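J.: Just dropping this structure here.
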Amino acid sequence: MSNTTSNSAAGVDNTFRRKFDREEYLERARERERQEEEQAKPKGRGPPVQRKPLKHRDYEVDLESRLGKTQVVTPVAPLSQQAGYYCSVCECVVKDSANYLDHINGKKHQRALGMSMRAERSSLKQVQERFENLKKRKDLGSFTEQDFDERILKQQQEEEERKRLRREKKKEKKKEAVEEPEMDPDVAALMGFGGFRSSNKK
């Protein structure tokens, strides 16, 4: 056998060596780094939105209107008619009153109303005015011992009236029970009882 056939495979040219263009690959690496930096940056959100500070609710939260009521729930009903408490601002249903209160006092709901979770800082003058208003309200709402005695008398009279009505209802029920028609003695004998007398005869 000859040496030429054992050293090289037939039909394979392995004499070519690939040469890399360093400038081309450096440019590709720079381009990839630029794309990664653009993705890492937050997308054009713009300046932060200035929201109003928290303020008092101007409506009463209704938690007790549907208390103890039965409701038929269907899976195809709109959200506002499903079981639980419906928030029309956020368009969601919350299953119980505690979670509903957490929701309406929470960040998501307040943001939907256009408020931040920060309270407005009060000045000294505002605090003093608030105290004055509370003092005036307290003075107007104060009552004397005479008012207290009148309230107690009124409550006692109402209680006596309730007791009297109860007694009258009981008397009416007793009269109705007594006024039941007497059963015919022949029919009673046929049925097997003659009355509510004892069977011992003396």
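These residue numbers are counts, starting from 1, taken along the chain as shown.
Just so it is clear, glycine is given a Cβ too, placed from its N, Cα and C backbone atoms.
These figures come from a predicted structure and were not determined experimentally.
Okay, so TrEMBL annotates it like this:
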type     : residues : note
REGION   : 1-59     : region 'Disordered'
COMPBIAS : 15-41    : compositional bias 'Basic and acidic residues'
DOMAIN   : 82-116   : domain 'U1-type'
REGION   : 146-202  : region 'Disordered'
COMPBIAS : 149-163  : compositional bias 'Basic and acidic residues'
COMPBIAS : 164-173  : compositional bias 'Basic residues'
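Any idea what these are sitting next to in the structure?
T.: Broken down by DSSP into helix, strand and coil, the compositional bias 'Basic and acidic residues' (15-41) contains 19 helix, 0 strand, 8 coil.
Under 8 Å from some Cβ of the domain 'U1-type' (82-116) lie the Cβ atoms of residues 51-55, 61, 63, 71, 73, all in the same chain and six or more residues away from its ends.
Panel annotation: around the compositional bias 'Basic and acidic residues' (149-163), no residue of the same chain lying at least six beyond its termini places a Cβ under 8 Å from a Cβ of the stretch (none).
If you look at the compositional bias 'Basic residues' (164-173), there are no same-chain residues 6 or more away from its ends with a CB under 8 A from one of its CBs.
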J.: Helix, strand, coil: count each for the residues of the compositional bias 'Basic and acidic residues' (149-163), based on DSSP.
T.: 15 helix, 0 strand, 0 coil
